[in-house]
Amino acid sequence: MSPEAVYEVLSKVTDPELGRNIVELGFVKDLSIEDGRIAFTLELTTPGCPLKETLTAQCREALLSAFPEVREVDIRVSARVRQDTRIQERLSVPVKTVLAVGSGKGGVGKSTVTALLAHLFHRLGAKVGVLDADIYGPNIPRLLPPVQGPEAEGERIVPARTREGIVVMSVGFLVEEGQALVWRGPMLHSMLQSLITQVEWPALDYLLLDLPPGTGDVQLSASQLLPLTGALLVATPHPLAQEDLRRGVDAFKRLSVPLLGVIENMAGEVWGEGLTARTAESLGVPFLGSIPLSQEIAHAGVSGDFSFLDRGELPFRKLVEAVGSRVSVETYRLQG
């Protein structure tokens, strides 16, 4: 039983989302064969990959079937978020992927969803940062309150960090609380550029870009300044929010930004179930999941206290897994 024979068997196991086998994708690492035991690391593309159990079971079954002499198959699972190579080509920031979180209209809880995703990715072991691009209404400092920073180091800015270790930067840290910024488009563009290029961003798997609502100057500037790995759109089940969701999808398509999917926030019985999912389907955009209207999330959206996740994050696990899977598919597509 040679390593080549083992690789040949494992090449029959395919990642259904990427459409290629796990050997070709480079998922199989550190293979060892000794005394009837096969051991290797299965390095997946996203923390908390929803296909983890399926792929490990298929690997184990294939090896035990092909090699009767094997008594044990030891599969260690790890994750490494793949690099969106366009970021390295255009910017000197050690960020692997940039995910824009937008909405067609205000008041749908987009910033709360951004903060929730940041917490969930962090809990899965990813290195996460959040850039508050909502210059006129910077709410991220309240949703992700820092315990240190930001700090100036010469001409650079060291971003703030939350208690959990999420890296955060916002214009809200740079102005007095409640101060309005009455700026025209060029000033918005300049500020966003500074928040991207003058901040000392650490190595990150995911940089979440919390966009302002609508389809205006900041969305255009973000698509010009940053290679966006993809965009997530947040909507409520309200019929008017569905109209604006359509506008948001159209805007990102016009900007040639890949649409990772739609997230429904404040889901409940008032407007019925399935409306946002049907809208997404009609637009040809993946529907990633719903976040229920609940007292816990409402409280987190005011206080920045997401400790309710300590009591069980299972209802949200599928959502962040779906987002991570869409990101991995998109990074592989971008790499050809």
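Any Cβ shown, glycine's included, is placed from N, Cα and C.
Automatic, uncurated: that is what TrEMBL annotation is.
Listed features, source TrEMBL:
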BINDING   GLY104, LYS105, GLY106, GLY107, VAL108, GLY109, LYS110, SER111  ATP binding site
DOMAIN    4-74  domain 'MIP18 family-like'
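Positions of TrEMBL features highlighted on the structure.
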| residue | record | contacts (Cβ under 8 Å, 6+ apart) |
| --- | --- | --- |
| GLY104 | ATP binding site | PRO213, GLY214, THR215, LEU233, ALA235, ALA241, GLU243, ASP244, LEU245, ARG246, ARG247, GLY248, VAL249 |
| LYS105 | ATP binding site | PRO213, GLY214, LEU240, ALA241, ASP244 |
| GLY106 | ATP binding site | GLY137, PRO212, PRO213, GLY214 |
| GLY107 | ATP binding site | PRO213 |
| VAL108 | ATP binding site | PRO213, VAL234, ALA235, THR236, ALA241, ASN265, MET266 |
| GLY109 | ATP binding site | VAL234, THR236, ASN265, MET266, ILE291, ILE297, GLY301 |
| LYS110 | ATP binding site | VAL101, GLY102, SER103, ASP210, LEU211, PRO213, VAL234, ASN265 |
| SER111 | ATP binding site | ASP132, ASP134, ASN139, ILE140, LEU143, ASP210, GLY301 |
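Residue counts for the domain 'MIP18 family-like' (4-74) under DSSP, split into helix (H, G, I), strand (E, B) and coil, are 22 helix, 22 strand, 27 coil.
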